[in-house]
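Written out below as structure tokens is the structure these notes cover.
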Amino acid sequence: MAKLSGAGAVAPSLLLWCCCCVLIAVLAGQPAAGDDAFERTVFEMVNVAIRGNATVQGDPRVGPALIRLLFHDCWVNGCDGSVLLDETPADGARTEKTAARSIGLGGFDLIDAIKARLASAGGGGGDASCADILAFAARDAATVLSGGRIRYAVRRGRGDGVASSAEAADAALPGPVSSFAELEESFAARGLGKGDLAALSGAHAVGACHGSSFADRLRPSVAAAYQINGTYQLALVARQKLLLLQNASDSATTMMNNVRDMDPAFRAASSYSGVGVDTAAAGALDNSYYTANLQNMVLLKSDWELTQDEDTLARLVAYRDDAARWNKDFGEAMERLSSLRPPVGARLEIRKTCRLTNLSPGRAVVHALKSFLRRRYDQISGLLKYFNAGLM
């Protein structure tokens, strides 16, 4: 936490009284000073990042990235912003974002930008924790991607963790081939149930999946066992071969999570039935995931596993048939997810920069320089590729 300036000039009893008042307000769930400005800033920046405006081109990939980023953060030792750390004095650079199960994780630059904007605005924004920023940014991303149909309450008050371990993340996060029993156990360990599992899985209506996460689903034996729709699998294999020819690297291939978001030719080749789905609403966070899953057209084995539990299967059907019910349940599950607390006794702070703890201020300068040089390198590399393409 930042030190109180001029605290020596305040009478101890008055200082203690003020601290108690603040603590009581937080425990009572009252919004902290500056919440309105904080929420307005976060929403405006998330909305512009996704949708764009007259001067900024939006990126629809940002919204799904923020929702996934929150899940990865809260699942490992509670919602403490530890997934944002590049390095810590104790864990070094092997932080959560470098874990094998964090492949493709994004949204970090937007969180940095929001933190910088809040700090420069002063008022109640400068003391915003990175964990709070992430929780609100994910909520606003869900609202924007759903066209305002998903809304839920999030309160401030999270601290920022000072530990971040890739090993801990790989041990805690569900994997793409997790069984239903493993998924249920992972949720139960965090006080969440089958209903939360079924509702939160609907987030796979948006975003993309890395090739290595669904490679197991392309084997003919998987289709033979009716664990994936055969025509969908053939379409995936054909598209994967095309992507490999274009990228020459399996690590560079990705596929849209939702068959709805694939092009019409792919959907036709898959024999996908879009009855009840707005197939023109590409990238919309809605209940279309359940239509795909009940047709056995999902990329991840862990998604297919949901259909193997009778109670959960009934929920999938209900969510497919009732969009309003899913909107409500998803919002409530996200609210519970956003409220997962760090372990009792965990050391927390309010970070000055979301990528580094306050324990190593000297590293912030080095990190800023490295980030600057990396951006310049990417820009120059892009220009060289463009120039070389023009010569060919």
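Every residue, even glycine, has its Cβ placed from backbone N, Cα and C.
TrEMBL entries are annotated by machine, without manual review.
It should be emphasised that the depicted structure is a prediction, and the values quoted were computed from it without experimental measurement.
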Inset, instruction - Could you pull the disulfide partner of CYS354 out of CYS130, CYS209, going by TrEMBL? - result: CYS130
Inset, instruction - In whole Å, note down how far the CA of CYS130 (disulfide bond) lies from the CA of HIS72 (active site, proton acceptor). - result: 14
Inset, instruction - Quick one: give me the count of other CB atoms within 10 A of the CB of CYS79 (disulfide bond). - result: 27
Legend entry - Candidate recorded positions CYS79, PRO174, ASP278, pick with smallest Cα gap to CYS130 (disulfide bond): CYS79
Inset, instruction - Quick one: pull the CA-CA distance for HIS204 (heme b binding site) versus CYS354 (disulfide bond), whole Å only. - result: 27
